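Since the structure comes first, as structure tokens, the remarks are kept for the end.
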């Protein structure tokens, strides 16, 4: 039922069921294009939303209050006369009543129909309604206009939250959410400048506030026309090539939150209705926005009571806007750099709001008073609070219908907060500094802090429960685009809240170094004065970005991959070692380097892993000279033979597909796709031809050419007369003990759970880093583990050397790092005790 085409995510039509590797350079290009298309568009759109709400405060000081009788005298007998601003409060609140009424039907429309066309048309209507404000002559007409204006504008925040979750990974969402949400602060500054400029209009047939609404409505209508061209999903984005569309969708698979599914699923609606975290996030949003309703409608009026003129009160909106802008961007930036910090930042940003309210309430108000202005300014930290709440919600809820419900519920509570807060302002209590307003806001922000703490423990408990489950990571790849909710998909919360939210977008910063994290290894070749016996390196299924290292001196075991780029490298004077070479980038127009082809082949019964003989040969002798008549794509590492290795295959390719492709060059005598114990393709295979000429022609024509959407690698297969026994006894480490272990010969089928199980029971582990190919984003078959001390590393080496994962025995050695070696005055346990000699 779930796999019917109408029930699945749009992404399922672009990518297969299981994860495919992609080129990281293409991904960076994809992210750049998304940023250039989405961020400016959403920044302007949300800025118009905020300015359109806040424009009422500016219009109030331009005479709208008097022209439309929004402030009335209730008791003229007192001195001064009692004045009521209830009509102005209703004008502010009715806007949010309209939003409350519109969020349901408009959310249904953009969930059911094309996003760009639906939102674009609604925004054009919104612009027309805004322009009609200039024709309003009574407060009742303003009330009607405000209601319908809010109805139309309700589409923007909800649509933007869903769009961001469908185009960006969880690790990227917080920062991008902050970028467009920072329009709150930026447009507070821009709006204050515009309002100040309109305040000085002296001519014309219309009032100054009428010109203000005409300009705003016209800008909004133009924006709506532009939004009509927005695509429905990344799979349909007109600015992507076909390859970029696949990468744009494939990179979202790991998050388990999907891209877009237009089918309304009532089961997801029901689940969202009873999901505690949905309502916790929604209530937090409503409480946090209690500030906005008061500030947007009454901000300039409140500041004017501090002893400032009406025009000066407009300019004093700028500092608060600056705090909003900086706070939102700083929160987003820190969420990229510091793992698991969003809820902590949310709580921290609530504290200045509470402090600002207290400063305004309890300070003295006099002519040009400074303390209440300072308190009013730091209230601007409410903006990063709301931004973090939005990103927390969209990153921890899966299923398109459920996400839409969550966005709508959040928006409903957002409107409730904005509706209620204007009525906290009782004009008669101005002499007491509006106590009900500040008491209400402080109470709301205490509630936000309590709910944030509760949400942290709720997510932590759920993640711990799912981590105890025996989950198949391959199944996670298959169900990623089945449009399942975070409860139906047991991989969803565990991945987005526990792992991906703490990782870094590859296009912005380097990968994180947390437990079971990945890191791009910058390899160094290390040589010794003594000539050790060359040792084989772990086979790597995926192509490497390292250049062909034509070593003319012998290298130590695991020479290319043994040492990460660390801060400290042992001095050559102490260890008789030195750095022989630095890694070089492979020229884009060059044929595949030895490191890219020799490491691409895994062990089969009849073919030795290329990595285990190719780099050994390169370490001890120069590469084989090119034979006469060899094709141009041949790298010269292996001798010419009629058997070809085919790498980087699409995982659905079968032997029949290969035979059809290669038979045009000659008779194919046999063909084999290498598969894992579950029968799934490993992404490479072999083709035997009846003649050498046919193999040469196929290599020259097909190497690095597209086949079934993938750029395949074609090279001569590496053969040897002796097959290495993969069940041999552990090899004794060559290097002296240190705090860092090198773990090689790791299966490429290993998952995060396999790695976690591998280190279960091993004590004093600080960090485990799996090396990832920078070009393909795939594991390279080895890892490094850091320990508290050398003794712990030696004990772990003894355990790990006995391990065999997916039929492959791990190879363990100590890594080169001066900071991790045993001190000279400390004699570590003999490595003979850990790895006894075997007969």
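Quick reminder: no glycine exception, Cβ is built from N, Cα and C everywhere.
Annotated transmembrane segment per TrEMBL: 34-51 (among others), in sequence order.
Summarising the annotation, TrEMBL assigns domain 'Major facilitator superfamily (MFS) profile' to 38-464.
Residues of the same chain lying 6 or more positions beyond the ends of the transmembrane segment (88-109) and with a Cβ under 8 Å from any Cβ of it are 53, 56, 60, 65, 70-71, 118, 122, 139, 142-143, 146-155, 158, 264, 293, 296-298, 404, 407-408, 411-412, 414-416, 418-420, 422-423, 425. Taken from TrEMBL, the feature transmembrane segment applies to 88-109 (among others).
Per TrEMBL, transmembrane segment is recorded for 121-141 (among others).
Look at TrEMBL and you will find 147-167 (among others) tagged as transmembrane segment.
Positions annotated as transmembrane segment by TrEMBL: 179-199 (among others). Same-chain neighbours of the transmembrane segment (179-199): 38-39, 42-48, 50-51, 54-55, 58, 61-62, 160, 164, 208-209, 211-212, 215, 310-311, 314-315, 317-318, 320-329, 332, 380, 383, 386-387, 390, counting only residues six or more beyond its ends whose CB sits under 8 Å from a CB of the stretch.
Look at TrEMBL and you will find 211-230 (among others) tagged as transmembrane segment. Beyond its flanks by at least six residues, the transmembrane segment (211-230) meets 41, 44-45, 48, 51-52, 55, 58-59, 62, 115-117, 119-134, 194-195, 198, 201, 204, 238 of its own chain at Cβ-Cβ distances under 8 Å.
The transmembrane segment annotation in TrEMBL covers 278-302 (among others).
If you look up TrEMBL, you'll see 314-336 (among others) marked as transmembrane segment.
Long-range contacts of the transmembrane segment (343-361) within the same chain: residues 288, 291, 327, 331, 334-335, 371-372, 374-379, 381-382, 384-385, 388-389, 392, 433-435, 438-439, 441-442, 445-446, 448-449, 452-453, 455-456, each at least 6 residues beyond the stretch ends and with a Cβ under 8 Å from a Cβ of the stretch. Taken from TrEMBL, the feature transmembrane segment applies to 343-361 (among others).
Marked as transmembrane segment by TrEMBL: 373-393 (among others). Beyond the transmembrane segment (373-393), the same-chain residues lying 6 or more positions past its ends with a Cβ under 8 Å from any Cβ of the stretch are 161, 173-174, 177-178, 181-182, 184-185, 188, 278, 281-282, 284-285, 288-289, 291-292, 295, 302-303, 306, 316, 319-325, 327-328, 330-332, 335, 342-343, 345-346, 349-350, 352-353, 355-360, 363, 406-407, 410, 445, 448, 455.
Marked as transmembrane segment by TrEMBL: 405-425 (among others).
As annotated by TrEMBL, transmembrane segment applies to 437-459 (among others).
Residues or ranges marked as region 'Disordered' in TrEMBL: 526-593 (among others).
Look at TrEMBL and you will find 557-574 tagged as compositional bias 'Low complexity'.
Feature annotation from TrEMBL assigns compositional bias 'Basic and acidic residues' to 575-588.
Same-chain residues lying 6 or more positions outside the transmembrane segment (314-336) and placing a CB less than 8 Å from one of its CB atoms are 54, 57-58, 61, 171, 174-179, 181-182, 184-189, 191-193, 195-196, 199, 295, 299-300, 303, 308, 342, 345, 349, 373, 376-384, 387-388, 391, 504-505, 508-509.
Broken down by DSSP into helix, strand and coil, the domain 'RRM' (642-719) contains 22 helix, 30 strand, 26 coil. Against the transmembrane segment (437-459), stretch 278-302 has more CB pairs under 8 A than any other of 121-141, 147-167, 278-302, 405-425. When the domain 'RRM' (739-817) is classified with DSSP, helix, strand and coil residues number 18 helix, 30 strand, 31 coil. In terms of C-beta pairs under 8 Å, the stretch of 121-141, 147-167, 405-425 lying closest in packing to the transmembrane segment (34-51) is 147-167.
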